[in-house]
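So that you can see what the record holds, here are the features copied from TrEMBL:
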DOMAIN    23-483  domain 'Major facilitator superfamily (MFS) profile'
TRANSMEM  97-117  transmembrane segment
TRANSMEM  126-145  transmembrane segment
TRANSMEM  185-206  transmembrane segment
TRANSMEM  212-230  transmembrane segment
TRANSMEM  316-333  transmembrane segment
TRANSMEM  345-365  transmembrane segment
TRANSMEM  374-393  transmembrane segment
TRANSMEM  399-419  transmembrane segment
TRANSMEM  431-452  transmembrane segment
TRANSMEM  458-478  transmembrane segment
Amino acid sequence: CAFPKTSTLSIPNAHTLSTTNSSTNAATVSSVYTGMSYNMSTGNDTEIFFHSTCHYPAEGADGAEIPCTDWVFDDVNMLPTLSTENLWVCENAWRPYTIMTMFWVGNVVGALSMGLVSDRFGRRPALLVCCLLYGTAGVASAFVSNFYAFLVLRMLVGSVHHTLPHLSFVIVLEFCSSSRRVVPLFVVTMIYTVASMLATVLAYSIWGWRTLVVITAAPALAIVFIYHWIPESASWQLTQGKIEEATTKLHHIASVNGKNLSRENISKIIAKATNNVELVSNKKDSEINNQHDDSSYTNTKLLSVLLTYPILRRRIIIVMIIWMLGCMCYYGHAQNTANMGKHLLLNYFLGAAAEIPSWATPFLIERFGRKPPLFAVFLLSGVAGIVYCGLVGVVNVSAVGLIGRLAVSAVYCITLQYGPEVFPTVVRGQGVAMAETLAGIAILLSPAIGYLEEYYNGLPLLVFGLLGCIAAGLTLLLPETKGISLPNTPEEAENITPSN
C-alpha cells in the first residue's frame, strides 16, 4: 500500500513493497519485514510511504483507519500477473485462490472423464480431445480479464493438465516390450525437467504472463497436423476385439524396425492374448454386469474389477494411495523451493535443475526393479523432510531441501511407471485416471499443509516427510513388475506373484 508520509504519522511495520504470494499470485497484505520503514521522494517534495496492509492509520485520529487505494507491487522478483493488474488484494484476495482451487477441481473431473473416454473410444481420440482443450482454453485465457471467464478457462485447462502427458505416456508404454518400458519414462523425465528450467528462462526473458501463457499452451494445438501419424494402442485394440487393426499396426511397426515378421506370424503371436481377452470380456459381461451392452460394460468395468478380484483390488488401492501421496509430497517440496530465497524464478530454476539426477531413475528401476528403488526414494524424501524441519533456523538447510526435491522427483517418475504396469489393459485408462483424480485432491490439500509454515518454518516438510515414510512402507506390499509383460486382463494382473 502506498500513501503520503506526514510528520505525525509513524508506522513501525512499514516496508518497501508489498509482495506477491508464489502459490496464488495474490498480493499478500500481512506485514513481512516488521520494524522497517522506507520512504521515496517523488520529485515534488512529497514522500510516499509503503506498508503491506489493507488500511493505514489516519493522521491525528486515534484508532481511525483509511482504506488503501494505491498499490505498488514487486516487479523485480515477480512478473506482473492478472492479480496485480486487477488489484485482487484485501477483500478480493479470495479470487486467485479460487482460480487455483477450480483448476485442480477441473483436474479431478477431467481425469475421470478422460479415463472413461480412453478406455471406451481409444487412447488416440482421448489424446486429441486433451490437446485441443488444453491449447484452445489455454490460449484464450491470455486474452480475458473478466474473473469468471478466466476461472472457467483455467478450469478447462486443469481438466486435462495431468491427463495429457500421462495418456501420451500410456500409449507409448503399451507398445513397448518388458525390456524397453523404461525408455519412454526416461524421455518424459528429461523433457519435464528441461521444460521446467526453460519456463523460468522464458518468464524472465518475456516478463509478461499473457505472452508466456500463449507460448506454453499453443503447441498443444499442433496435434491437428500430426494426428494422422499418432497410432492407436495395439493393446487396447486387442482388448476391444479389433484384431485386424492391431495386426496391421504391429506389422507396420515390425517393418519400420526392420523385423521380418509376416502378418500370419503376428496373428499367431497375438492369438492367445486375443482369446484370453475375449473370454474374460464375455465372462464379465454376463456374470458381473449382467449386461451385454458394450457401452455399459465399459463404463462400469473398473468397479467390476475391484469387486471381483480381491488381490488386484488391494494392489490397485495401494497404487492409488502411493500415487496420491507421491503427488502431494512432490508438490509440497516444489512449493517449499520458493521459500529458499528471495528470487522466485531463480528458486524455481534451481529446484528444476535439482531434478536432473533423477534422469537416472529409469535405468535404476531397470537394474533393480520397481519396488526397491521406490521404497528407497520415498524413505529418503521422508528423512530429508524430517531433517529439514529439525535443522531449519539452526543451519542452512537449502541443500537438505533440494535433496528432498530430488528424491521426491524420483518418486514421481517411478510411480508413473509402476502404476500402469499394475493395472490390466482393459481398465488401465480408468485406473490411471482414478489415480490422477486422487492426486488432484492431494494437490488441492498440499497448500493447506504448506500454510503450517505460519506456525513453524519447517512444519510442512515434517508432514510431507512423515507421509513419505508411510508411502515407503506401503510400497513393500506391491508385487514387482520388472521383466513381465503388461497384463491385458484382470486375471493376468491378479496372478502377478509378489515374488516377481
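Indices start at 1 and increase along the chain as displayed.
Glycine too: its Cβ is placed from the backbone N, Cα and C atoms.
Unlike curated records, TrEMBL annotations are generated automatically.
Because the structure is a prediction, the values reported are computed rather than measured.
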Revision key, fill the gap. The average per-residue pLDDT within the domain 'Major facilitator superfamily (MFS) profile' (23-483) comes out at 81
**Study point:** Residue numbers, six or more beyond the limits of the transmembrane segment (126-145), whose CB comes under 8 Å of its CB atoms
**Key:** 82, 85-86, 114, 117-118, 153-154, 156-157, 159-161, 163-164, 167-168, 171, 209-211, 213-214, 216-224, 227, 230, 429
Practice item. Count, for each of 97-117, 185-206, 399-419, the Cβ pairs lying under 8 Å from the transmembrane segment (345-365), and report the range with the highest count. Key: 185-206
Study note, to complete from the structure: Comparing 185-206, 431-452, 458-478 for Cβ pairs under 8 Å with the transmembrane segment (374-393), the winner is 458-478
Review point. Which of 97-117, 185-206, 399-419, 431-452, 458-478 shares the most C-beta pairs under 8 angstroms with the transmembrane segment (316-333)?
Key: 431-452
